[in-house]
Amino acid sequence: PTGTPDPTGTPDPTGTPDPTGTPEPTETPDPTGTPEPTETPEPTETPEPTETPEPTETPEPTETPEPTPEPTPPPIPNRRPNAADDEVATSQSKLVEFNVLENDSDPDGDPLTVTDFTSVSNGELVQKSNGLFEYTPDDGFVGTESFSYTISDGNGGSDTANVTITINRSPELVNNTGIVVEAASGIRFINSNNLQASDADNSPDELIYTITDAPDLGDLRIGDSSRLREGDTFTQEDINNNLLQFTPDDTAGSDFFTYTVSDVAGGQVPPNSFSIGIVDDTKTLTNEADNFTGTALSNNILGLAGDDSIDGLSSSDYIDGGEGSDSLLGDSGDDCLFGGSQQDNLRGGDGSDSLFGGDGNDRISGDTGNDRISGDAGNDNLLGGEGSDSMTGGEGNDSLLGADGDDTIAGNAGNDTIRSGADNDSVTGGDGSDLIDGGSDNDTISSGAGADTVLGGSENDSIFGEEGDDSLVGDDGNDTIDAGPGQDIILGDIGDDSIQGGDDNDGIDGSIGNDTIAGGSGSDRLTGGAGNDFFFYEVADQGIDTVRDFDRPGDDDTLLFTSANFGGLTNSGFSSVILQDENIGSEGQSIGDAELIIFEGKFDNAQAVNAALNVQNGSSDRPAFFVYLNGQRGKYVFGYDTSLADDSVPAFELGILQSIEPEEDQISTIIDAGDFEFI
């Protein structure tokens with residue numbers, strides 16, 4: 001163990017110091033004097049800026065190496081087009097038009113062209129343009145027709161499809177007896193015994209009646225529907241189910257409605273009238289040959305069997321002759337006469353009457369008033385008389401004369417003879433080969449199907465040939481004639497006529513007057529006749545036309561073109577010459593036998609052309625057609641000079657070819673003798 005240390009000793013205390021003496025005070029120093037101000041130093045001059053060093057040129061980038069080209073893909077092979085089968089429907093003797101390309105396609109989007117098609121067996125098949133066909137069944141043929149066609153995509157791909165055409169039977173009218181109601185009787189139903197159409201190809205709900213003129217003396221309805229008006233429809237099924245009803249007003253008189261019947265394939269019954277007699281009293285005769293005169297009331301007279309003679313007398317009567325050959329006279333009032341079977345004689349008398357011949361060869365006269373006359377079946381003789389009449393021949397070979405008034409006349413089926421008479425008439429021939437005479441005043445005539453003969457008559461007529469090989473004569477007046485399909489013969493006759501040939505190969509003669517003539521499709525024979533005529537050429541694919549009368553003395557005829565392609569006019573072996581500037585003149589190339597003269601050089605006006613022709617070697621008083629380049633307009637001009645030796649006046653018509661541009665100023669590189677035909 002460590003021993004205990006000795007304690008430190010206590011230090012001695014420090015002694016107290018002596019006090020310090022008081023110090024002497026320091027003297028206050030003298031103040032320093034104000035210093036002299038320091039002079040402002042001169043400013044240091046701004047140093048010149050250091051010049052910006054020239055930038056170091058950017059080194060050219062190292063060129064990116066060309067990428068390795070992608071391998072060229074092999075060409076996509078052409079895929080063939082897809083031709084789809086077509087189904088077409090029409091009715092007996094009715095033309096139908098359809099385009100087989102509408103449902104065809106090409107997976108590459110290539111345009112398609114019909115390159116071939118087979119023939120048909122029971123009609124006529126024509127391709128109007130690429131893919132657009134027109135088919136007309138033979139008369140009376142009903143059934144199916146077919147043909148095949150081939151399409152090409154222009155790149156080696158092709159396909160074939162079939163077209164099936166169904167020729168449907170047209171509807172036939174079985175019953176059209178009309179009805180008679182008493183003024184206060186209320187609703188009267190019209191059933192199938194009164195009105196019935198039949199069609200072996202269609203069910204009753206597919207036979208559609210369309211109202212073309214609604215009744216005036218009551219309401220025609222289907223069940224609880226609203227009143228039927230013009231343009232409304234109902235079906236044969238509605239009639240069979242007793243839904244068609246008529247409710248008369250309180251006024252006795254003769255009423256009717258007109259209608260057409262059509263099926264889903266487009267077959268149609270021509271317009272017909274359904275008679276409605278509204279009477280005060282009913283009188284039923286015997287089965288003998290009765291001779292009866294009505295009363296002052298509105299009578300419903302039923303003749304029954306026998307050859308009856310019935311006079312309705314005054315008021316508005318309904319007279320049904322029944323069976324037998326009857327003689328019916330409505331007399332005064334708005335009467336309704338129905339001949340029934342056999343050969344009847346019907347006269348309406350005064351008033352606006354409705355006359356129906358029924359079966360048999362009937363003679364019907366409307367007399368005065370605005371009458372409605374229907375011959376129905378049989379070879380009937382119809383006379384409208386005074387007033388604006390509506391006449392329908394019906395089936396059979398009928399004779400119709402409108403006489404006075406603005407008449408509406410329809411021959412319907414059969415070979416009819418129609419004379420519209422005086423005033424402004426509307427005439428439709430219908431099916432069959434009809435003879436139509438427009439008579440006087442401004443008529444509108446549609447010949448309908450068949451080989452028809454039409455004479456417009458005096459004044460300004462509009463004539464439409466429609467289907468068939470027609471003979472159309474405008475006669476006096478400024479007529480408008482459209483021949484339509486078929487190989488037609490058209491004569492404008494006297495007046496400034498406008499004539500359109502339409503389809504197929506037509507023969508057109510404008511005859512006397514300043515006529516405008518267009519041949520239309522087909523290879524047409526065109527003659528303007530006397531007068532300054534215009535021949536209108538529309539598109540290049542309309543066929544090869546022959547213009548016959550450019551050499552008629554004193555006439556200024558003109559060719560009018562709306563197409564720059566002259567492929568529709570071809571050379572018929574006439575002589576022609578191309579004149580260059582260096583061989584024009586008395587020592588130049590002879591034009592004595594030329595019928596077409598083409599100038600290579602330019603002329604400023606027509607007089608200069610005529611003067612050049614006059615001094616040309618071989619020029620004479622013969623006519624010629626010429627073409628030159630107008631130096632002022634830069635367009636080609638064509639004209640016809642009636643005398644190559646006469647330069648006193650420009651004795652020709654001119655036309656400017658606005659759409660043909662010069663090709664190295666050489667007209668013969670575009671137009672030559674092969675582009676025109678003159679006989």
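The backbone N, Cα and C atoms fix where each Cβ goes, glycine too.
TrEMBL labels come from automatic prediction, so no person has curated them.
Quick look at what TrEMBL lists:
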COMPBIAS  8-78  compositional bias 'Pro residues'
COMPBIAS  324-341  compositional bias 'Low complexity'
COMPBIAS  360-374  compositional bias 'Basic and acidic residues'
COMPBIAS  414-427  compositional bias 'Polar residues'
COMPBIAS  433-443  compositional bias 'Low complexity'
COMPBIAS  464-479  compositional bias 'Acidic residues'
COMPBIAS  484-515  compositional bias 'Low complexity'
REGION    1-90  region 'Disordered'
REGION    324-516  region 'Disordered'
Top Cβ-contact partner of the compositional bias 'Polar residues' (414-427) among 324-341, 360-374, 433-443, 484-515 (pairs under 8 Å): 433-443
For the compositional bias 'Basic and acidic residues' (360-374), sequence-distant contacts whose Cβ falls under 8 Å of one of its Cβ atoms, 6 or more beyond its ends: 256, 272-273, 325, 334, 339, 341-354, 380-392, 394, 396, 405
The compositional bias 'Low complexity' (484-515), counted residue by residue under DSSP: helix, strand, coil: 0 helix, 9 strand, 23 coil
